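Asker: Sharing a structure with you now.
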Amino acid sequence: MFESFSQTIWLVPLYALAGALLALPWSPGIIRQTGPRPAGYLNLIMTCWAFLHSLFALLAVWGRPPQSIAFNWLNAADLSISLDVQISAVNIGALLLITGLNLAAQVYAIAYLEMDWGWARFYSLVALFEGGMCALVICNSLFFSYCVLEVLTLGTYLLIGFWFNQSLVVTGARDAFLTKRIGDLILLMGVVALLPLAGTWNFDQLAQWAATANLNPNVANLLCLALIAGPMGKCAQFPLHLWLDEAMEGPMPATILRNTVVVSTGAWLLVKLEPVLQLSPLTLQVMIIVGSVTAIGAGLIAIAQIDVKRSLSYSVSAYMGLIFIAVATGQTETALVLLFTYAIAMSLLVMVVGNIVWNNISQDLSQYGGLWSRRPVSGICYLVGAASLVALPPFGGFWSLARMGDRLAEVSGLLLLVLLLVNALTAFSVTREFCVFFGGKIKPMTLRSPEALWPLVIPMTVTMGFALHLPILLAQWHLLPSNLNLGVAFLLVLSTAGGVIPAAYIYLNENISKPIVFQPKALQDFFANDLYTAKLYKVTIVFVVGLISQIINWIDTFLVDGIVNLVGLATVFGGQSLKYNVSGQTQFYFLSIILGVALIGIIICWPLLAQISLVFS
């Protein structure tokens with residue numbers, strides 16, 4: 001019945017792009033009579049249809065083996081590039097998640113951007129995001145996956161810079177674009193280098209090649225390190241992590257997507273490349289180190305932030321670090337389950353925070369308090385989102401983290417400790433935010449803070465329903481751990497309690513003065529300022545690049561330009577000097593020609609004259 005939907009699944013990315021094109025007439029104001037709202041409604045309709053198409057396609061492919069569709073794109077000499085599309089329950093499930101969250105974000109934007117006249121531009125850019133992400137998850141080609149990632153990088157830049165008349169917005173958009181470009185450029189080197197070695201960019205064929213490949217260790221290391229550079233930038237991993245907190249300057253509906261599914265695109269590519277990455281043990285170690293450092297560091301930084309959006313952004317980096325660890329230890333299916341539960345939980349948290357910030361016009365946590373009596377729906381939604389994010393049974397996050405912890409306990413006790421620590425830090429962070437927002441006494445900023453408009457509340461409550469049903473969905477899809485390790489599960493719950501209880505005690509205790517200043521103060525400042533990473537870059541990379549640019553500028557100014565200017569001056573000087581020898585007499589010109597010819601003849605015949613003089617001597 002639904003077979004046609006699965007065979008035409010490649011149309012799903014085109015729905016979003018069609019919505020973007022339909023919205024264009026409203027962007028420059030060609031259509032003025034209706035206002036900008038129809039542009040948003042058109043995109044909503046297209047996203048809704050993409051969601052339904054994905055749902056029907058999932059019903060068609062459920063329980064069936066993956067299928068592939070190939071569209072030939074280029075044939076030249078020995079180079080053949082085709083656009084490969086994979087049709088499987090995993091891919092279409094990812095489509096359903098992307099289109100569903102896009103639909104929620106677009107409904108959310110109806111109220112969030114109620115007074116903004118940039119609807120057409122915003123919804124077109126969100127459609128670009130949606131189309132790019134949908135194309136990525138069904139694409140089975142590394143080359144075209146890279147092309148789509150470039151589109152997403154552009155979309156990130158444009159959406160962060162949506163309110164481009166603000167200086168911080170411009171800076172955040174620029175830094176995000178340049179930081180991602182570093183990873184993308186290195187990834188491109190790996191993509192190009194992989195083709196001569198494997199002879200294909202198809203992910204399935206790459207997995208088959210990697211199973212029997214016998215590469216030089218140095219070649220394998222360089223290749224795989226290049227391939228993980230792009231996901232490091234996309235997932236905001238150390239040292240390419242600074243862009244994500246600056247990206248919070250963009251509109252909150254875009255943040256819902258960026259903090260959930262957009263950052264997950266890098267993790268998706270990482271999962272697809274996992275068989276190739278297994279060729280380099282060094283790369284796997286680097287992934288574990290990068291993921292561990294980012295997860296723990298970002299968790300500590302999140303606790304020290306007073307800007308709630310920045311705090312959430314660092315929690316995003318922390319969970320992406322766990323994805324890196326999962327892929328490095330061969331847990332690709334667990335990584336996908338963790339991405340799924342994380343996306344639902346984080347989207348709910350971002351919606352609640354955006355709801356509050358939209359109404360109270362402040363991101364400073366120290367200005368909030370007592371919202372539970374004013375916003376009970378938001379409070380319940382935040383509790384469900386926080387519980388679904390950390391390891392708290394029976395919510396979805398517990399099962400994904402328990403599954404990961406079970407495997408890490410077999411691989412390395414140290415990695416299990418990293419997982420427990422990150423879970424505890426995340427639990428502390430989200431509990432701190434909840435207690436500051438909804439606990440304590442009412443403050444002047446929250447005196448009048450009713451529940452927001454229905455387009456903000458409905459996506460929250462619907463997402464909360466999905467979050468509550470995550471365990472049921474995981475059970476229906478046979479994604480729960482087959483054998484639950486009770487010891488690991490107990491440690492995870494204990495680590496959650498180790499984060500929740502201290503945070504609740506500190507931030508709900510009226511006897512403790514607020515804001516909290518941890519001792520020593522220098523340590524808190526160290527984490528609040530992102531481990532001074534920006535300053536470290538300034539005195540190292542930025543300083544070296546600046547010094548090199550100054551040297552090149554000196555060479556260009558005094559050597560290159562100097563030589564050119566010297567030639568020009570010599571020409572001018574020669575012309576000015578010779579003009580006085582122009583007498584206008586033909587005899588003088590003839591004499592000059594004879595003397596010149598004679599001089600040239602002497603120069604040419606000089607070796608012969610020298611030999612003649614030797615003969616006569």
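In case you wondered, yes, glycine gets a Cβ from its N, Cα and C as well.
TrEMBL annotations: computationally assigned, not manually curated.
According to TrEMBL, the protein carries these features:
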TRANSMEM  12-31  transmembrane segment
TRANSMEM  43-63  transmembrane segment
DOMAIN    73-123  domain 'NADH-Ubiquinone oxidoreductase (complex I) chain 5 N-terminal'
TRANSMEM  92-113  transmembrane segment
TRANSMEM  125-146  transmembrane segment
DOMAIN    140-419  domain 'NADH:quinone oxidoreductase/Mrp antiporter transmembrane'
TRANSMEM  152-173  transmembrane segment
TRANSMEM  283-304  transmembrane segment
TRANSMEM  311-329  transmembrane segment
TRANSMEM  411-431  transmembrane segment
TRANSMEM  452-474  transmembrane segment
TRANSMEM  536-552  transmembrane segment
TRANSMEM  558-576  transmembrane segment
TRANSMEM  588-609  transmembrane segment
Asker: Determine which residues of the chain contact the transmembrane segment (558-576) at the Cβ level, with the cut-off under 8 Å and only residues 6 or more beyond its ends counted.
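Answerer: Residues: none.
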Asker: Does the transmembrane segment (152-173) reach the transmembrane segment (125-146), going by 3 or more CB pairs under 8 Å (6 or more apart in sequence)?
Answerer: yes
Asker: For the transmembrane segment (125-146), name the stretch out of 92-113, 283-304, 411-431, 452-474, 536-552 with the most CB-CB pairs under 8 Å.
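Answerer: Between the candidates 92-113, 283-304, 411-431, 452-474, 536-552, the best contact partner of the transmembrane segment (125-146) is 92-113.
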Asker: Are there residues at least six beyond either end of the transmembrane segment (588-609) with Cβ under 8 Å to its Cβ atoms? List them, or say none.
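Answerer: The answer is none.
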Asker: Same-chain Cβ contacts of the transmembrane segment (411-431) under 8 Å, 6 or more residues past its ends?
Answerer: 288, 292, 295-296, 299-300, 302-303, 311, 315, 318-319, 321-322, 325, 329, 349, 385-386, 389-392, 401, 404-405, 488, 491-492, 495-500, 502-504, 507
Asker: For the transmembrane segment (452-474) and the transmembrane segment (43-63), check the count of CB pairs under 8 Å (sequence separation 6 or more) and say whether it reaches 3 or more.
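Answerer: With fewer than 3 qualifying Cβ pairs, these stretches do not touch.
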Asker: Below 8 angstroms Cβ to Cβ, which residues of this chain, lying six or more residues outside the transmembrane segment (92-113), approach it?
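Answerer: Distal contacts: 6, 9, 12, 16, 40, 43-44, 47-48, 50-51, 54-55, 57-58, 61, 119, 122-123, 126, 129-130, 133-134, 137-138, 251-254, 256-257, 260-261, 268, 340, 343, 347, 351, 354, 358, 452-456, 458-459, 462-463.
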Asker: Helix, strand, coil residue numbers for the domain 'NADH-Ubiquinone oxidoreductase (complex I) chain 5 N-terminal' (73-123) per DSSP?
Answerer: 29 helix, 13 strand, 9 coil
Asker: Over the domain 'NADH-Ubiquinone oxidoreductase (complex I) chain 5 N-terminal' (73-123), what is the model's mean pLDDT?
Answerer: 84
